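The block underneath contains the structure these notes are about, expressed in structure tokens.
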Amino acid sequence: MGKGDPNKPRGKMSSYAYFVQTCREEHKKKHPDSSVNFAEFSRKCSERWKTMSSKEKGKFEEMAKGDKARYDREMKNYVPPKGEKKGKKKDPNAPKRPPSAFFLFCSEHRPKIKNDHPGLSIGDTAKKLGEMWSEQLAKDKQPYEQKAAKLKEKYEKDIAAYRAKSKSDAGKKGPGRPAGSKKKAEPEEEEEEEEDEEEEEEEEDEE
């Protein structure tokens, strides 16, 4: 899937991401021993960015252009590892794996973060969502956990019905098929479902 490929070029940074990076460095120099409240820090960065002139933003926009050129150049020479996402065909009728409580939380809050912090990179958005989730009280997490539990319960019923139907269909189509091969299909289906979940997260991050 390429997520762990160490040779894949680092993603390009936006002008706002460079600005936030600069703000972090300034904060570390002024307050080397103090910890950063990420939510408060991001809010201040966003407010400061909105009041900056085009001339002040120009430096960061030039940095972003340079990084985009670097990224485009590296991507031209990048060759993905062989055999990625090949081999198994996914059944479009297979039930999708349910999202976790954290994933439901991210889906709800990501649009607001993008609106409040335009230009924030995918990595910084994910980090902010993670910190927001960890700051939530147990009672605030409960609605997401309850919804995730219901979706998981529904998925388990759906996947059981799907597998029963798949075995029934396989029995009709291939009477000469070895009995042991049916059991082998189940782990593969589980692997496919895990890939589906990872791909959904990647797609949502890239929106």
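Cβ from N, Cα, C; glycine included.
Residues or ranges marked as DNA-binding region in Swiss-Prot: 9-79, 95-163. Sequence annotations record features per position, and here Swiss-Prot assigns cysteine sulfonic acid (-SO3H) to Cys23, Cys45, Cys106 based on similarity to another entry. The compositional bias 'Basic and acidic residues' feature in Swiss-Prot is assigned to 52-76, 162-172. Feature annotation from Swiss-Prot assigns region 'Disordered' to 52-102, 162-207. Under the heading compositional bias 'Acidic residues', Swiss-Prot lists 187-207.
Between the CA atoms of Cys23 (cysteine sulfonic acid (-SO3H)) and Cys45 (cysteine sulfonic acid (-SO3H)) there is a gap of 7 Å.
DSSP classifies Cys23 (cysteine sulfonic acid (-SO3H)) as helix under the three-state reduction. Under DSSP, residues within the DNA-binding region (9-79) fall into helix, strand and coil as 54 helix, 0 strand, 17 coil. Neighbour density for Cys23 (cysteine sulfonic acid (-SO3H)): within 10 A of its CB lie 16 other CB atoms from the protein chains shown. Counting residues of the compositional bias 'Basic and acidic residues' (162-172) by DSSP class, helix then strand then coil, yields 11 helix, 0 strand, 0 coil. Note on Cys45 (cysteine sulfonic acid (-SO3H)): other Cβ atoms within 10 Å of its Cβ, all shown chains, come to 20. Using a 10 Å Cβ-Cβ cutoff, Cys106 (cysteine sulfonic acid (-SO3H)) registers 22 neighbours.
Note: the CA-CA distance between Cys106 (cysteine sulfonic acid (-SO3H)) and Cys45 (cysteine sulfonic acid (-SO3H)) rounds to 21 Å.
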